[in-house]
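Have a look at the structure below, then the notes.
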């Protein structure tokens, strides 16, 4: 789940966002009393502010290109190659990072730092790195637990299927893409711009999209109830559900980020499938001749 964080409750324990410049430096601040801006779902911009998009767009493109080029050599020529021998270790490492960030949210002295780098605020992005950091950030145990359970459930399968370096590239780039969609779609629709968001679900939807594309008939069960048609049908249902949530404005989920992650998953699934088919054809030709 990629959660929306509305500024209508106390930050620690209730998942809200407070712009750092709006926080008082007085004694009430030390007691976790904040100056809060009114929630924003009904606040609308006059016209689409495209100037809010170009920096996140440039960052997303630059980040995706950089990781695609740099990550594979890192996992081949550095000590990170240990992950290639034990793919599950990568899954555990990602879970550990998410747990650590969740713990830091409970330490008041780190709130300003986390707010800048690990909470995505659409109307005023404090740091472009929050597009990545927010995908490793959870403020509630339930949010963290659900997302990490999903990662633990099908992450190892995908990591073994496409390889560790490809997994890391897809995970990180999907985080950037889903975060950008979290800014892009609300900006176009002119709503939810003053609401922060965080969570790993953008990357998780991407991973599930890769799995569904490569292994469409993989059995899927929701609360132990099998889904007819397998992974691909369930993935399509999830896309429809996210579009419905976006249109109907239901729930506190970041449907825009989910859709961005799903799109990234489809693109990566198609790319890996093309590579697999090309390699298979080359092997068949080599065997024939």
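Glycine is treated like the rest: Cβ placed from N, Cα and C.
TrEMBL entries are annotated by machine, without manual review.
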Looking at the ranges 162-190, 220-248, which is given as transmembrane segment in TrEMBL?
220-248
Of 11-29, 30-48, 87-105, which span is tagged transmembrane segment by TrEMBL?
87-105
How does the domain 'Peptidase S54 rhomboid' (128-273) divide up by DSSP, counting helix, then strand, then coil residues?
106 helix, 8 strand, 32 coil
Compare 87-105, 220-248, 255-272 by their Cβ pairs under 8 Å to the transmembrane segment (193-214) and return the stretch that comes out on top.
255-272
